[in-house]
Amino acid sequence: MEGLSPRQGNNTTSSEGPFGTLGNATGISDVTFSYQVITSLLLGTLIFCAVLGNACVVAAIALERSLQNVANYLIGSLAVTDLMVSVLVLPMAALYQVLNKWTLGQVTCDLFIALDVLCCTSSILHLCAIALDRYWAITDPIDYVNKRTPRRAAALISLTWLIGFLISIPPMLGWRTPEDRSDPDACTISKDHGYTIYSTFGAFYIPLLLMLVLYGRIFRAARFRIRKTVKKAERKGADARSGVSPAPQPRKSVNGEPGGREWRQGPGSQAGGPLCTNGAVRRGDDGAALEVIEVHRVGSSKEHLPLPCEAGAIPCAPASFEKKNERNAEAKRKMALARERKTVKTLGIIMGTFILCWLPFFIVALVLPFCESSCHMPTLLGAIINWLGYSNSLLNPVIYAYFNKDFQNAFKKIVRCKFCRRR
């Protein structure tokens, strides 16, 4: 793919990435025109989509009152952070990528790296804050309702930015090597070994471990609650089939006087009658009978089931109830499996996207400073790894907002409003 790659030469520059640079990569500042055009179109499209997607999420939360809750405040803050990445960081990163050299000066380079590390770290830590909020909500739903306040969300958001500052500021205060500023055509983050470990573990590896633990526990808790619901429903059905008591046997007439219409116990209401907790036969002078059966279920209301019966034999054998219970239990099992599969799919998308976008970059970012002289990073591969990390700011609003029906409805309202204005 020669047209997509810079023309190779003898000079070496650093492969630019979300944290400034990954390390040494072979290439020169003179690049092919086709590479510049195609790269500009691709990166311009990515930046435009990232800005538009995150701006729509912020607008939806600001305009739609039903979306203004603590959980969505975290998603909105994530969208603001990714919007900052898209507006403040990606344009300079794209210019660096297209020209294959840094042309904006050392002061702008320091500012670019600081903003890059700050915003990308805060974006990653927002994902941890969302995972932590969901973990508390599903494992302690009763108490957390009162604890889930805007102040708590503000504290989590402030913590993500504080950690981002603590990771981005040290290189500006001198935690770097002399070689970091030796090449005026390169804009590199500190290659100091201590800072490399500090920044990569603080910005990615520790948050990754935390997210894996939290979402693992969320999955176990969700699966336990789903299966507990199914078992509870099955237990109710079993209790209803076995919990049968004989009906009372009143001998008085309805109005308390002899000769009136009697209520007598029907034989089908005895203990042998399945699902019947009480049964009585109303017998008139003409010999016609009507049995009224009350079916009691734990935690539900009574069901009055009038059944026409013959005068001599009135069985209580509602086999259709048993079949209905079995069908209901089977339907609930299928629904539980579907919910469990959906939970696995959702958590898989969240963690899979995060790992796919960031793990390759942070592996290279951790390894390259320790083997700078012997390791080689091809220019094209370095660019793909770098922009894979940046693309997480485009995918976050899709995962956390656009799959949500409430957000979808808000987006439709925004679009319809625009159409109305055009008319």
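The backbone N, Cα and C atoms fix where each Cβ goes, and this holds for glycine too.
Summarising the annotation, Swiss-Prot assigns topological domain 'Extracellular' to 1-38, 99-107, 175-193, 371-378. What Swiss-Prot records for Asn10, Asn11, Asn24 is N-linked glycosylation site, and it gives sequence analysis as the kind of evidence. What Swiss-Prot lists as transmembrane segment is 39-59, 74-98, 108-132, 153-174, 194-216, 347-370, 379-403, and the listing cites similarity to another entry. The topological domain 'Cytoplasmic' annotation in Swiss-Prot covers 60-73, 133-152, 217-346, 404-423. For Asp116, Cys120, the entry in Swiss-Prot reads serotonin binding site. According to Swiss-Prot, the feature region 'Disordered' maps to 235-277. What Swiss-Prot lists as 1D-myo-inositol 4-phosphate binding site is Lys345, Thr346, Gly352, Phe403, Asn404, Lys405, and the listing cites similarity to another entry. Taken from Swiss-Prot, the feature motif 'NPxxY motif' applies to 396-400, supported by similarity to another entry.
Taking a C-beta cut-off of under 8 angstroms and a sequence separation of 6 or more, Phe403 (1D-myo-inositol 4-phosphate binding site) has the following same-chain neighbours: Thr346. Counting only same-chain residues 6+ beyond the ends of the transmembrane segment (74-98), those with a CB under 8 A from a CB of the stretch are 16, 18, 31, 36, 39-40, 43-44, 46-47, 50-51, 54-55, 57-58, 61-62, 104, 108, 112, 115-116, 119-120, 122-123, 126-127, 129-130, 133, 153, 156-157, 160, 187, 383, 386-387, 390, 392-394, 396-397, 400-401. Rounded to a whole number, the distance between the Cα atoms of Gly352 (1D-myo-inositol 4-phosphate binding site) and Cys120 (serotonin binding site) is 18 Å. Across the residues of the topological domain 'Cytoplasmic' (60-73), the predicted structure has a mean pLDDT of 90. Annotation for Gly352 (1D-myo-inositol 4-phosphate binding site): no same-chain Cβ neighbours under 8 Å separated by at least 6 residues are found. Calculated from their C-alpha atoms, the gap between Lys405 (1D-myo-inositol 4-phosphate binding site) and Asp116 (serotonin binding site) amounts to 32 Å. Once Cβ contacts within 10 Å are tallied over all protein chains shown, the binding-site residues Lys345, Lys405 are led by Lys345.
The DSSP secondary structure for Asn404 (1D-myo-inositol 4-phosphate binding site) is coil.
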